[in-house]
Amino acid sequence: MGLYLLDYGAGNVQSLANTLKKLGHEFHWISSPADFEKATSLIFPGVGAFESAIDGLVSRGLYEPLREYIASGKPYFGICIGMQILFRSSLESPSSKGLGIIPSDIGLFSNADKVVPHMGWNSVEFLDADEKAHEGLDPRSSYYFVHSFRAAYEWEHAEVAQWGHTTTQYGQEVFLATVRKGNVFACQFHPEKSGPAGLKVLDAWLRESETDRATSPPTPRVARFPKAKDGFTKRIIACMDVRSNDDGDLVVTKGDQYDVRERADGDGVSARMAGAVRNLGKPVALAARYYVEGADELCLMNITSFRHSPLLDQPMLAVVRAAAETVYVPLTIGGGIKDTVDPDGTPHSALEVAGAYFRAGADKVSIATEAVFAVEKMRERPSADGVGEGDGTSAIETIAHAYGRQAVVVSVDPRRVYVEPNYDGPYKDELVYGKADGPKNERGKAWWYQCTVRGGRENRPLSVVQLVRGVEKLGAGEILLNSIDRDGTGLGYDLGLVELVRRNVRIPVVASSGAGKPEHFIEVFQKTKVEAALAAGIFHRREVGIDEVKTALLASGINVRTL
Ligand code: 1PR
């Protein structure tokens with residue numbers, strides 16, 4: 001069989017390759033236009049931005065051959081941008097020409113009633129009531145979406161409606177989650193990142209005969225108004241801080257307020273071990289465990305990357321590669337995403353560094369230190385909104401341009417600056433006050449949040465509100481919000497901080513630092529509108545299981561993905 005994958009040279013296509021290997025399907029890569037002749041089935045895992053996908057196809061001479069392949073009637077499976085390029089155009093890049101096979105255009109989600117990108121797990125609804133499980137899809141399952149642009153379901157427009165297969169609701173908008181007609185099947189979500197439910201979709205298509213793959217499902221599609229069903233879930237993320245221990249091995253570690261070295265007075269820590277890097281396990285094994293336990297996403301943070309170039313840090317790239325082979329949910333990699341110069345004088349741009357991580361199997365990169373510097377710089381170029389202007393050269397801008405904003409996370413490491421209750425100085429509008437029912441040492445106090453760089457080692461003259469508003473404008477797709485004060489304390493998330501940041505941006509926010517028990521997850525979702533919650537220590541030490549957290553959330557009426 002001639003199963004081929006199309007890689008136009010950007011983004012994480014490795015994950016799909018890993019998934020197919022796991023499912024036992026052999027494949028080849030399309031490396032030249034002639035390969036389309038040999039292909040008897042084709043999967044296009046479109047990752048990145050619409051413009052770079054079209055440009056990548058055109059510059060490699062693959063655009064026309066792809067169109068001809070689809071027109072020939074041979075089976076095609078498009079993923080994400082691989083679905084969007086079937087349309088005439090996308091608002092993401094109006095001058096880029098789509099294949100025009102579906103006579104409609106891709107639009108942008110409105111952020112009036114929700115945050116954009118649509119990032120996370122959501123359900124699908126079959127448009128034809130008789131289709132219960134076609135193409136391995138199941139309306140009771142959740143699938144991983146990550147996109148700002150979408151194909152609206154134009155049910156009154158027959159030529160578009162006949163492509164409609166399933167829809168998904170996000171906020172008030174209903175869009176096409178899958179399209180199916182003749183030899184074409186395509187999905188907006190990422191089956192290769194949707195855990196067991198997504199693997200089932202790929203496997204179902206690949207187990208059909210090539211004739212069935214090339215033919216529409218038997219039931220005639222009836223255009224109808226989709227049922228409203230908001231299946232969007234809150235995400236639970238497990239984070240692994242990775243660094244070399246004193247023997248040079250990469251280990252997962254965990255700090256208390258960012259201090260990762262053992263203290264002699266800690267539980268059972270001998271004087272001999274005091275000062276050693278706390279070792280909580282091997283990153284790849286831990287990642288595999290969290291995948292099986294139901295984590296919706298995983299983060300690997302290279303916490304000492306500022307000491308050297310990540311491109312020279314082959315062990316970290318090897319960790320990402322190995323993790324991506326066993327984990328079929330999104331993987332975020334952070335640490336050292338910046339312009340660097342090797343000891344031999346070879347320069348590498350942040351875009352190059354990010355590209356190496358994407359090719360190794362990362363879905364998003366997370367930027368901390370460089371994000372602070374980029375916002376400091378943009379503030380030197382005043383703008384009417386008071387946020388400043390980017391000049392197009394920052395890591396956030398260049399990576400978002402090439403890979404789409406959904407691939408760029410900004411990790412924020414704020415620290416409280418306590419002030420007198422009657423304080424009237426800078427950032428007075430951003431003050432947070434200790435709650436009467438909050439931890440004892442905070443009651444009656446007031447503070448603002450200062451940005452830090454290099455893992456909290458250096459304070460910068462920037463507030464957390466200035467930072468998050470700046471990075472949103474530069475093109476970040478998500479905020480990972482840590483708290484140095486709460487990290488590793490088990491006191492619960494810093495709700496004042498989470499609420500402050502959630503209120504100031506329209507992109508997804510992940511609450512991080514301080515989770516100590518399942519009730520803390522319930523509290524952060526009930527009291528703030530945050531999209532996801534991350535924890536490290538309690539999962540590493542097996543104090544609380546991911547399933548336990550999800551069971552507690554479901555019991556409180558909070559929707560989460562179940563296995
Ligand atoms: O600055 O772009 O190279 O990125 C470095 C990254 O490494 C940043 O995202 C920064 O947050 C992280 N980092 C640097 N030093 C440390 C450290 O601990 N010494 N880790 C560090 C930050 C915070 C979270 C942690 C949560 C939840 N760790 O990763 O997982 O606080 O912990 P908890 O649930 O146990 O409370 P750059």
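Just so you know, glycine gets a Cβ as well, placed from its N, Cα and C.
Since we're looking at a predicted model, the values are computed, not measured.
Annotated features in TrEMBL:
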type	residues	note
DOMAIN	5-201	domain 'Glutamine amidotransferase'
ACT_SITE	C80	active site, for GATase activity
ACT_SITE	H190	active site, for GATase activity
ACT_SITE	E192	active site, for GATase activity
ACT_SITE	D241	active site
ACT_SITE	D413	active site
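Each residue contributes its Cα atom, and for C80 (active site, for GATase activity) and D413 (active site) these two points are 32 Å apart. Taking the C-alpha positions, the distance from D413 (active site) to D241 (active site) comes to 14 Å. Screening the active-site residues C80, H190, E192, D241, D413 for a C-beta under 6 A from any atom of ligand 1 leaves D241, D413. The CA atom of H190 (active site, for GATase activity) is located 26 Å away from the CA atom of D241 (active site). By the criterion of other Cβ atoms within 10 Å of the residue's own Cβ, the least surrounded of the active-site residues E192, D241 is D241.
Taking all protein chains in view, 26 other C-beta atoms sit within 10 angstroms of the C-beta of H190 (active site, for GATase activity). D241 (active site) sits 25 Å from E192 (active site, for GATase activity), taking the Cα positions as reference.
Per-residue pLDDT, averaged along the domain 'Glutamine amidotransferase' (5-201), amounts to 92 for this model. Counting every protein chain shown, the Cβ of D413 (active site) has 26 other Cβ atoms within 10 Å. In the three-state DSSP scheme, E192 (active site, for GATase activity) is classed as helix.
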